[in-house]
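Single-structure report; data block below.
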Amino acid sequence: MLKSFVILFAFLASASATASHYYVTNNNTGLTCIILDGDFQFNLVFNEKNTTEKFTVTFNETVSVEGDCNGVRNNQSVQTLNIKFNPEGQSARYAKEWELDIVFGSSSNVAFEIIDYTLTTQRTDLVPYFGKFVRDANAAGDVTATQTNAYKCSTAKLGLVGGSTIDIKTSNVIAFAQMNGTVFPTDQVYEVCYLDARTNEVVPIVVGACLAALVVVVLVGYLIGRARAKRQGYASV
């Protein structure tokens, strides 16, 4: 279904990627609606012949990027990003590309959020299985932002049914935007993911506790030194 939307509206949007930089531009307005910066890592779980095997796969090279700034799904406005790529470990023996679809939605509460995603894999020299992985509706996800803000996270996790996950490392994401350029402006405001926000809160506390402990150690050492000096003074008298 998603693929049909992309094909239907392909003439309305253009998309591109350079290394780990992906964007979708509305050809009617010339404005960019989606920007995604980040490195993808796929943690895949296959249950084959009563055994469970796990594989970690990364990008090798991007084949093509498509997108849509004016999509509709279930009577809801959506924006889509479709990435076809060659994974690490691919060879001429297994030359089929992999495909990642990401769907963004918007509501009265948020400017954008990821509402759906699918990953279609093929056999490679490193992964002897293939399959289609879909979003786990029960998986926690916080790739969202309000107003004109973007999303930032050291590692954004997208859960898939069966225990697989998609990691987007060093991720900066925005959708439903109307940006003149295809990169984030220097004054872009970001909303930090929950995990990073907690880390930012914990680090000052830990540093403060370490400094307090260091002060106590120095003070105790000073007092012990003074006490020894006094005892030596009494002994000499």
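From the backbone N, Cα and C atoms, a Cβ is placed for every residue, glycine too.
Residues annotated as N-linked glycosylation site in Swiss-Prot, with sequence analysis given as evidence: Asn27, Asn50, Asn60, Asn75, Asn180. Summarising the annotation, Swiss-Prot assigns signal peptide to 1-17. Marked as topological domain 'Cytoplasmic' by Swiss-Prot: 226-237. Annotation source Swiss-Prot lists transmembrane segment at 205-225.
Look at the glycosylation sites Asn27, Asn75 and count other Cβ atoms within 10 Å of each Cβ; Asn75 has the fewest. Ranked by how many other Cβ atoms sit within 10 Å of their Cβ, the glycosylation sites Asn50, Asn60 place Asn50 at the bottom.
Under DSSP, Asn180 (N-linked glycosylation site) is assigned to coil, being neither helix nor strand in the three-state scheme. On the backbone, the CA of Asn50 (N-linked glycosylation site) and the CA of Asn75 (N-linked glycosylation site) stand 41 Å apart.
Cα spacing between Asn60 (N-linked glycosylation site) and Asn180 (N-linked glycosylation site): 30 Å, rounded to the nearest whole number. Calculated from their C-alpha atoms, the gap between Asn27 (N-linked glycosylation site) and Asn75 (N-linked glycosylation site) amounts to 23 Å. In the predicted model, residues of the topological domain 'Cytoplasmic' (226-237) average a pLDDT of 56. With respect to their backbone Cα atoms, Asn180 (N-linked glycosylation site) and Asn75 (N-linked glycosylation site) stand 28 Å from each other. For Asn180 (N-linked glycosylation site), other Cβ atoms within 10 Å of its Cβ number 8.
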